[in-house]
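Database features, via Swiss-Prot:
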- C95: active site, acyl-thioester intermediate (ACT_SITE)
- H347: active site, proton acceptor (ACT_SITE)
- C377: active site, proton acceptor (ACT_SITE)
Amino acid sequence: MSLNPRDAVIVDFGRTPMGRSKGGMHRNTRAETMSAHLISKVLERNAKIDPAEVEDVIWGCVNQTLEQGWNIARMASLMTQIPHTSAGQTVSRLCGSSMSALHTAVQAIQTGNGDVFVVGGVEHMGHVGMMHGVDPNPHLSLYAAKASGMMGLTAEMLGKMHGISREAQDAFGERSHRLAHKATVEGKFKDEIIPMQGYDENGFLKVFDYDETIRPETTLESLATLKPAFNPKGGTVTAGTSSQITDGASCMIVMSAQRAQDLGIQPMAVVRAMAVAGVDPAIMGYGPVPSTQKALKRAGLTMADIDFVELNEAFAAQALPVLKDLKLLDKMEEKVNLHGGAIALGHPFGCSGARISGTLLNVMKQNGGTLGVSTMCVGLGQGITTVFERV
């Protein structure tokens, strides 16, 4: 395929192993240290790229305080081989932060405002809890449902509206762990996981090159025993069908097609379209439907044209209505989250957008796909989507 000089292409992707937030592998590693290690290793394996060419490090992070404060993009960049002459900015679109980081870089490239960008994101949810320092305006309840800030209750609402049964949610949760374990055993994650030192459950330092969050022993029977996590009386959403609270980072190198060609670099994919959309915060998990419809329209495509999809699994009760309305339920086994998702791998907020996008590109490469969509819901009622074409 032919590319325009100002097309934005992805030339590499890497991520940390996903660690449990409670006593997990990253418990003694700071968020900016994790980010810097990842950025450094991804740049090291792309020797044709001079770090001095990096225009901007654009890093997603939601709770920007404590070790994640004071512009963690710049903090991490200063700890890498990227020179001080390159810039850094931290962005937040809650769950969609690192996908927004990608979109920001793509827009800069398309408009001639840079040729080489490092994008991604991090969230150390073990060190900086999701609600640490958060003080929502009490007047917000005059404009949106009071429970809109309680993600589990929005999932309960969406699941109830779409008639999603507890059994269907449990089956989706079991699938996530089963497929993630299968991908691990078959080495499907080896190109994306950047090994990192961490501590095992006994406190011994070791190198991790796998996700410690996956539970291969998960069964429908074990999931059926779990109690509702958010609505004790009549709820259907459990811890086993919710994204895990984890620690991790993800990183992409994004370039103009012209600069990649000049350096003799074969891109993984080109970004064909992007979109964001808003929905009622009470059903925040529905956001991927309008954002994906908008992105596909901009690309001149329909969902039937798409080979593979990565949908962030915030909750099974949220993912299943999205798949239903995107006409993907009957195609799920052949198209959607073939290596599992956030129920098994976790959802470190600032990390996930680039993580699912990079995993998508590897799924496309491993299975011969040409067109792919990565999409996710965003807290308080948004969706964000990227359409990729493999080159």
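Every residue, even glycine, has its Cβ placed from backbone N, Cα and C.
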> Within 10 angstroms of the C-beta of C377 (active site, proton acceptor), what count of other C-beta atoms is obtained when all protein chains are considered?
Replying inline: 32
> Near H347 (active site, proton acceptor), how many other Cβ atoms are within 10 Å of its Cβ?
Replying inline: 26
> If H, G and I count as helix, E and B as strand, and all else as coil, what does DSSP give for H347 (active site, proton acceptor)?
Replying inline: coil
